[in-house]
């Protein structure tokens, strides 16, 4: 295994030497500005000392500027110095995005002869992912779906990639010009131009290769394909954002077989405009049903990588697809990851995916998670042709409930909920009841400052942080059952690769969010990063959630857990009380957020008992965001907790919150009408409470708590 890792490291280094570099010699920088409605683009151009280029194609009130590098000083971009109407200005940086192909497992000379002379004709019989005659059942089970007449009609899959050879006989009839664009050269036609621009065409062939006796066949041969050429050079936040929203009323599915480097060292999330594009896509794409974003989980298994360190694959908006090989085994390049939803077939055991190639050729060497993700996109195209009204979340739900389980001992983090089975997926989709709207409960950012430093021991030093999701909070959240769970945290540590982060649910299901990464020598640790897990899908949110942070260096390295923030995302119990998501889940509001509008509730104090190692947030009948005081650690304790109420004090907490809600509502005329009777009832309640319960009085309602209760989302 170490030999493979060393070889992989050398290959990665050599590949990097010949790759295109950022355009450092260009005399001008690009900037993207977010402005308020009605702001003049020319005024900001004068302020920046540059010129207004254009508006962003996908986001309203976002302008693009070109500024000479010698013109703009850094302090000019500070928010306090920006002119009126300008919200934010972001300099665009060139980055590399890596196609997630597999490593060649045969001798390079053999590969060269095979491709040069096309000795192995790529026929349907070689497409084992469609019909596996060597291992019965180890395929997508799609032929029965074809017999039912579902072929992907009226669905378009857009490939955000390195181009699309739409002149190929396999793809020319399927090509959607209206959904295509070349972002590398800024021209309409996304034709491949570089020698290695083969990736996007191969992925498209997996989905929509025509039944025409050329190469093989696609899983959804009547679907349309669009090309969004972006990977033929360095990319910017601007390019990624516009590509992921391009034509989102005609492009239904965005297939993305790329991401940051899978080297076991990278930790990179989308930048602001791309984050906004993902949100924009699920809210407004597909005429409000939501764009379906499919991402390859990554090929970092050689480096013990984890897709939770990739902000594209661990987005709640992404369907993250891993790979399973022809033997139903986990391939060597696979990544252990709690954010992976499902697996699809790809290369391994010296067998690859046969598909379309550029210049009227075919290939039998496609693989990696790059090949798995398009098969997921193809199955989703079949489903949308059968049920076009499915939302982006319906697609995720059906993926979970129709996936075919296998290797159940270690399935969840390697294979997601199992492998895609087209027959099961379409059968489930045909009878699927649409899910209710999304809702969420985001805790405030909880400061803990818990030390991870310890003397060398035989067991890893660890910190346990707990949060109690009470029944009142569940009612307030309006969550029926869970979908995604996110954890935002900052953990400074002298070697990031020696950290392990685990989330344990009230049902004792564990998600390993961060795994040991031997190549990750970063000395800054985890800085304001949001992890995501799908391992708790379908669970109930009520109870104690525990975050466990382990130092796997046995005291050799040091650091601490500064803070954490829990995000619970799920299906609403009451669809009429939901609100539209209007913030980036990677960076939620620090004071917390609710996804529903709850006017009142009945609180059952006996539902959950708090204890000395559990923290809970006071629930408010009217607040749409929640707040929590900062918490500290207790000396050298290995378990860091947030101070909580004593057992049975939840009634007191709810009572204080009710007073605070009244205080924040005094300006409302309806309160004045009932004020006298309310205070009379409250007074009697306090007297009875003191006489018979003999418990401490609730904390006073301060001006600070009153102001926090007023911070309702609209």
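First residue shown is number 1, and so on along the chain.
Any Cβ shown, glycine's included, is placed from N, Cα and C.
Marked as active site, charge relay system by TrEMBL: 161 (among others). Residue 161 (active site, charge relay system) carries a strand DSSP state (E or B).
Look at residue 199 (active site, charge relay system): DSSP puts it in a helix. Sequence annotations record features per position, and here TrEMBL assigns active site, charge relay system to 199 (among others).
Residue 370 (active site, charge relay system) falls within a helix when secondary structure is assigned with DSSP. What TrEMBL records for 370 (among others) is active site, charge relay system.
Per TrEMBL, the feature compositional bias 'Low complexity' maps to 612-641.
Under the heading domain 'P/Homo B', TrEMBL lists 435-574.
Residues or ranges marked as signal peptide by TrEMBL: 1-20.
What TrEMBL records for 670-692 is transmembrane segment.
Counting every protein chain shown, the number of other Cβ atoms lying within 10 Å of the Cβ of residue 161 (active site, charge relay system) is 31.
Averaged across the domain 'P/Homo B' (435-574), pLDDT for the predicted model comes to 95. Counted within 10 Å of its Cβ, the other Cβ atoms near residue 199 (active site, charge relay system) come to 24, all protein chains included. Taking CA atoms as the reference points, residue 161 (active site, charge relay system) and residue 199 (active site, charge relay system) are 7 Å apart. Between residue 370 (active site, charge relay system) and residue 199 (active site, charge relay system), the C-alpha separation comes to 8 Å. Each residue in the domain 'P/Homo B' (435-574) gets a DSSP state, and the totals come to 10 helix, 76 strand, 54 coil.
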